[in-house]
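Over in TrEMBL, the protein carries these features:
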TRANSMEM  A:20-41  transmembrane segment
TRANSMEM  A:53-72  transmembrane segment
TRANSMEM  A:100-118  transmembrane segment
TRANSMEM  A:130-149  transmembrane segment
TRANSMEM  A:169-189  transmembrane segment
TRANSMEM  A:221-242  transmembrane segment
TRANSMEM  A:254-271  transmembrane segment
TRANSMEM  A:278-297  transmembrane segment
TRANSMEM  A:303-321  transmembrane segment
Amino acid sequence: MTLIPGRIAAVFGGRRWRSLAPLAVLIVLCVLIAIANPNFIELRNLVRLANSAAVPLTLAMGLTFIILMGSIDLSVEGTLSVSAMVVVLLAANDANGNDYGWWAVLAAVVAGTAMGFVSGLIQTMLRIPSFMATLGMWFIGLGLSVYMLGGSAIRLNDASIRDLALHRFLGLPVAVWVAFGAFLLAAIIQYHTKLGRHILAIGGDEDVAKLSGVNVTRVRITAFALAGFFFGVSGVLAAAQLGQSHAVIGDGRLFAAVTAVVVGGTALTGGEGGVVNTLIGVLIVTVLANGMILLGISPYIQQTVQGLMIIAAVALSLDRVRLRIVK
Amino acid sequence: MSAMLNASGIIKNFPGVQALRDVSIEVRPNEVVGLIGENGAGKSTLMRVLAGSYRPDGGSLTLDGEQLRMRSPRDAARHGIGMVFQEQSLVLNLTVAENIYLGEEDRFTRFGLVNWRAMNAAARRQLAKIGIDIDVTARTSELTFAARQMVELAKALTLEEVVERQLLILLDEPTSVLNAADIEVLFARVRSLKSRASFVFVSHRLDEVLAISDRVYTMKDGAVVAKHRAAEVTAPELHEIMVGRGLQAEYYREARQLAPRDTVMVEAKGLGANGAYHGVDLNIRAGEIVGIAGVVGSGREEVTRTIGGFLQHDAGEMRIAGDMVRFASPEPAVRKGIGYVPRERRLEGLVMFLSIAENISLADLSSVMRHGAIDYGKERRLAADWIKRLRIKAPGPDAACRKLSGGNQQKVVLARWMTAGSRILVLDHPTRGLDVGAKEEVYELVRDLSAQGVAILLISDTLEETIGLSHQVLVMRDGEITARFDASPGKKPNQVDLLRAMV
């Protein structure tokens, strides 16, 4: 059985130079920033970097499967905020008397998974494009969580959950290890399971996959539930990092996740790329953001740069001329 | 010998069309059954019924004497029926092994993880069995069409690993993308596999069907009209039955080839485009059909695309009805009265999801506008009129174009350009993928257009068609015109002379 390192080698083995481009971009970016500001490669900054990559990485793992399938999941922020809301309200907090400890974490992850499951059901059963189904779920989730939080910020007082962000293991916050675990899980699912293969097949050619006996409906629903699972985990991490949950906990997360997936080289048309690409993509996005802060660039310009980056990434990732029609 | 598969009285209806009317066929063990018929005769529908993709509205299927009810291709697979599709059915971003066992991963899965090494080994064994040497870890997109076809065959044959009976493999026009050498390879495989499986073979090419089949069923208008032992019938005889008329008798409507008028519609002098062709002189008069012969890469495709507005010329000059032009896109070409009939109807010729009426008015909406708005009644009447005049087989003007057969789709494309008042038509392989009957109807139409004074530029798959239809044949080689032949009725050049100038 080809193990993950072998698969990584295959991805970057240079069948086409394009598959190497994201890695090259990451390295060049790191070198340039380190030259401009040597503080960049200080251990303290690297830990900060890893910490700020934790939530985007976990989110982007889920999103990668959806984009590989040729669909899109816009419910990232809604699902994340529901999960953060659930964990804060069920664990020890300053708004009610609940104190379910780690059961709250479990409930939050289940809530995220359920949101994804519903998105999958809506898409397949009502035959609504994933774009619309998840756009709806985004606002359903956002409205629900803001309502439950009563419109205010609620503090998370459970010390063991807070430790996800505060406690360190081998010099890195536990949240970083959780994110890395999410990456390994996603890699195993993509490269070593039937589900991963079927997602790739659907992204490649859904009709053919169906004719070959792939249960497309089930794979789609499972993929959305899986994405919801990762979003749920991210919600818990985000709540632990902030020590609270509030209405805007999800703000900007969708953009960051989509950028990471696309910059990593996963094709929006589906069937090409994968979670290893996304790992690189998340690092590019995080390093760039971190570097711009170190270089003292205005936050508004930072946003503009991110916008340019996502367009440039898509422009470079595909042979645009081959696309007959752009919708 | 008793039948393995027996289909009797199969009926299948689609909105407005009865695709299969009481069709009965049988397939015996270790036999290759050929299935021929014009486009729209019901061959593909019958294959899909046998493969479990379509459920018949009537009739019965039995396999080894047992009643067969299939709800999906998966059900069919469980009974040992596999299909190799006309449009290739491999997922191109997966490897060969992954494709062969797509949907069957469970056999290699333990504790939720797929053992790729075992899958690759099984795929290798499977390919070895049919004597083919392909790297099972190669991405399918990197294979040639012929190799992909072999992979599809291997995929269908994996059924024998899970099914306890002889297989039935349905080959739906497997040769349409293969060259002669690859077809021989495929046939050799099929012959050697006959000891283990039966085949149903569908093709347009009658000689192929006769070469590979034991028995041949001929379909026409959704019914089986004849069955023969392959050894006891010839291709012309089958053709006669299939089309119901003779092949050569006035096939290209030569008697209707009139002398062209004097007005020059298209005039090119020293035309050239970025290395694809150069120094092309060309005149097409009203009512004239000019054919260009040439092999792939001769530059003839590029010349037609230049006139259609898809490729800009960068040398020489071109005049349309006397006006100097240089088209940057098809739109100004359409405004100049040029209609382009592409070979890929599905991709370029029609908006498949729109109705016949909407497609016909597409190039010239002003023809159905009133007071600045689309008059739907007028649009439908226009379409109904064309359906009658061109004998388009369709339920009505509102029918979606994707539901029509190839020949009828081509008629809709032509109707659109006639509506737009095109005085010049570029026919880019106008009969590709059409059966004989539909071809003849297109020829008839081309003659009608020519008689009305339309100037026509033609490139085609066969020399015979180019010669048969044209007033004048140009031969191109390496981007240049190497010969010009007069092709007036009774003075048609022969194919050998053309070939000499082509290569």
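Note that Cβ sites are derived from N, Cα and C of the backbone, with glycine treated the same way.
It is A:53-72 that, among the stretches A:53-72, A:100-118, A:221-242, A:254-271, A:278-297, forms the most Cβ pairs under 8 Å with the transmembrane segment (A:130-149). As a quick check, the transmembrane segment (A:278-297) and the transmembrane segment (A:20-41) clear the bar of 3 or more Cβ pairs under 8 A, pairs 6 or more apart, so the two touch. Highest Cβ pair count under 8 Å relative to the transmembrane segment (A:20-41), across stretches A:53-72, A:221-242, A:254-271: A:254-271. Here the transmembrane segment (A:254-271) has Cβ contacts under 8 Å with residues 18-19, 21-22, 25, 56-57, 59-60, 63-64, 67-72, 74, 76-77, 138, 200, 202-205, 277-282, 284-285, 306, 309-310, 313-314, 317-318 of the same chain, all six or more residues outside its ends.
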